[in-house]
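> The transmembrane segment feature in TrEMBL is assigned to 15-35, 87-110, 117-140, 146-166, 173-191, 211-234, 246-266, 272-294, 314-333, 345-365, 386-403.
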Amino acid sequence: MRELSSVTHNTPRSLLRGLLGVLLAALGLALYFYVAGPEHTLPIGTIAQLTPVPATVAKLPAGTDTLNLPANAYLVTQTYDVAGPNLWPAAAAAWVALLGLGLVVWLAAISQLRRPAFVAGAAAVIFLLMSLSMDLLGVFGEQDQYFLILSIAVLVGAAFALHAFFEGVSLSWRLALFALLIAALGALLLVKTRHPASFVVLHLAAYGTLAGAAVVALLALWLGGELIFGLLWLNTQGATPKGRFGLVPFVLSGALLLGILLMYTWNGGQLAVLPGVQLNPLALLLIAAAVGWFTQPLRQPTYRAWLPRQLAPWLYIALLLVATGTLGYAAATLNGPLLHATRDFVALALGAIGLAFFLYILLNFGPLIQQRLQVHRVAYEPRRMPYYLVYILGVGLVGAVLLRNQFDLLDRARAGQYIQFGDLTRLQSEQQPDNLYLALLAERYYAEADQLDPLNARAALGRAALYQAKAQRQNEINILRSTLRREPNEKVWMRLAARFDQPTDFFERQQVLRQSLKAFPASGRLNAEMAQLYSRSSLPDSVLHYYSRAAAASNADPVPHTNWLAFLLKNNQLQGAQDAARETPNPEWPAWQNNTLVLELLRGRYQPVAATKLGVDSVLSVVQFAQLYHLGLAQAAGHDTTTLPLVRNLLQVQANDPFADQLTFVSGLQQLRSARPAPGFDQLEALATGATSGYYHHVLGMYLLERGLYPSAAARLALAEQASNAAALQPRAYALAWAGQPDSARAVARRAAAAVPGSENRLGTLLAGQILPAPKVARPLAKAYATAAATPDAKAAAKRYRQLTQADPFDEAGMLQASAYFARHQDPVTAYEIMRRAVSYNPESVAMLRGYVLAAADAGLEEYATASFAKLATLLPSSEYITFRKLYDKRRAAHRAAVAPWN
């Protein structure tokens, strides 16, 4: 048969070097997937929990006692969980890109082959396109195969046209043509399908699993004798006979290599070549591929009858590209059955064909090797045993072993494909949670993978993810337990332990962790999990024991350090917590940093804003919330509102609703303790509902107490007591005492002493009937009121008074001053509104009630002050009330006279 004329043209070396560069990059990417695949597919994450501990935001002196403004601080503890199996669209896209590039090179090369070889190569392309099932993506309808027909017609038809009618077209133009055609088909697929691009590449990677495995198998068969050839080259490559090894070293090295491969196969795919180092046949395949690249010219006598020498490198690179993509994607998705099948087959092929090639070398060139001649130069030009017998014997051995094992490697490869199908369908099920059919189909795929490869854990993990998405906790626990019966796996133990996350699951979680530590006693994560579990018990020695083991196993892991610091703080061991924080200072650990903020709060040292740098996203994580919350508490203690705008913005994000109450509280507390407390008071009062109302009434009462509004503070703290907040009894007793009600104060002090054990000493003064002097009350806006009073411009003064009364209605002197100013300037309605606002925030103040009633009389709105007037009758002594009544009648009469008709 004739050779095509184009074959004689010079091979475009620059394109070949470019493809070699792409191949090396693909190999590097595959190695990256091999390293990063387990962590991406089954990532180990942390789950943060919040543990409230009492803290103090402000302190109010009361003689020898101190009244504290309480607030919850939140310690962050962390436990591990394992997510996934996650899909990796980027890895699938890399696989599809390598497949497309390999297909371009393959089609360009086979279009220059002779007729039988072209037919065989074209048939391989047709079977590949059929295996991808691209019509299921709905390009022209999911039930028709028009896209498959179009792809075959375009690609194979173009290859046939070049093969039959355009023999003179150079290889470069052929490559460009097929690259354009495949790119056009890919663009059509992406544009016409209703699925996103990520799903398309995942679909192609899943359905191309077996085709990729077949390419790896074909490559392993082609390279089966290259390792033996490499040993032959090492033995005979010296420049002189003295620099070459003889027959015995070659036989020994070859026997050692074949023995290793035999032991690997005999031991069921496991062999430790060094302590802790397992043999990976894929590494041997990589070496064989490198050797095979250099032996192509030498092997020409074995394939010259059907393949021109110039095209061999292109077909070889095409196979390498697809094989690299297949193995890289299998590693990226942690496809255990497929990886095991390829490793075992590669070991079998290298061993069987290597044995046949070893015998071939000894029979044909044994005496020449003994003479230390450069046999590697003529290794493929035998004189006794023909080369094709190598493949007859080698493939026969491979087939016999596969038959003996009932083609278990094929079952594993199919199991790997079913796992890909299951992952793909599970993704669709998660995107369409109401579609029960997809969930059942995904479960069926995983079950089929289990049946084909009963020892594979990957399919069971896929089913566990499916059950987790459907909130079927018991099914997930059952499948995880069955996974552990197949193979011990640290990640599966952690995931199973994480499922027992309820307070009633203590002993179940303890049992799981005990079993896991028997299998992995040196695991830092499992020891940290056990330490955190025992922190919920009264066994501090066990916590310390497992914490020490976790820290010794992985001192760089922040979780055990974070949990240990939280344990010390929860048990009020402040000195120990301070020492622990000093020993492992690491601001890059957010949860640990939060617990150090809590430590500072508990020690009464409020960290300044500039010393804390938070990276807060629009959606808060648990740790970010805790950091922001504690920063807000520290700022509230320092009368600072720097973070207030940020907190308000975060409250508008719906995803932050789980933290809405706490963020609202801290923003309200910041405003309450700022120069404009009224909005904060309103915000906290709105929270004073339900089971937590007593706490918020307590906070508001403490603020009124701090401002010197003792009657109103006592009334607000009474609401806290009615809501079962015993902590409000002590400040209420002081509020009543400072409000001039010693008998009531003594009665409340007795209840406080009974409700809070150990408080008798602090309340001794009140219980004895003595009244301590009230602390000095600060007026934050005193200077601003003085400035308003000194302002000569009436309009400017009126504007300033309005601003001040809106900002701080708790300043009694200031509110009376502002009301009197407007009354003097013939604006009784504004004076009334100011006093009405003052009474709404300070309803028990006699001064505010008197001012409000009189302002209402001046404005002619006395009917709105009827309740306040009646309340004064109960608060004022009889003589004062009679005097006030006369003044009230006089002011009311003056208003009526002023508005009476002149006639």
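Indices start at 1 and increase along the chain as displayed.
Each residue, glycine too, has its Cβ placed from N, Cα and C.
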> In the same chain, who gets a Cβ under 8 Å from the transmembrane segment (15-35) while lying at least 6 residues past its ends?
91, 94, 98, 101, 105, 171-172, 175, 286, 313-314, 317, 320-321, 324-325, 327-329, 331-332
> What residues in the same chain, six or more past the boundaries of the transmembrane segment (146-166), come closer than 8 Å to it by Cβ-Cβ distance?
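Answer is 4, 103, 107, 110-113, 115, 118, 122, 125-126, 129-130, 134-135, 137, 139-140, 174, 177-178, 181-182, 185, 188-189.
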> Could you pull out which residues elsewhere in the chain have a CB under 8 Å from any CB of the transmembrane segment (117-140), counting only those six or more residues past its ends?
103, 106-107, 109-111, 146-148, 151-152, 155-156, 159-160, 163, 188-189, 192-195, 200, 203-204, 207-208, 210-211, 306-307
> Do any residues of this chain, six or more beyond the ends of the transmembrane segment (87-110), have a C-beta under 8 angstroms from a C-beta of it, and if so which?
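Contacts with the transmembrane segment (87-110): 19, 22, 26, 29, 33, 37, 40-41, 117-118, 121-122, 124-125, 128, 155, 158-159, 163, 171, 174-175, 177-179, 182-183, 186, 197-198, 201-202, 204-205, 208, 212, 311, 314-315, 317-319, 321-322, 324-326, 328-329, 332-333, 423-424, 427.
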> Where, among 211-234, 272-294, 345-365, 386-403, do we find the most CB pairs under 8 A to the transmembrane segment (246-266)?
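That would be 345-365.
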> Residue list, the transmembrane segment (345-365) vs rest of chain: Cβ under 8 Å, 6 or more residues beyond ends.
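Hits for the transmembrane segment (345-365): 216-217, 220-221, 223-225, 227-229, 232, 251, 254, 257-258, 261-262, 264-265, 269, 281-282, 284-285, 288, 375, 378-379, 382-385, 387, 389-391, 393-395, 397-398, 401-402, 409.
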> Do any residues, 6 or more residues outside the transmembrane segment (386-403), come within under 8 Å Cβ-to-Cβ of it, and if so which ones?
221, 224-225, 265, 301-302, 348-349, 352-357, 359-360, 380, 409-410
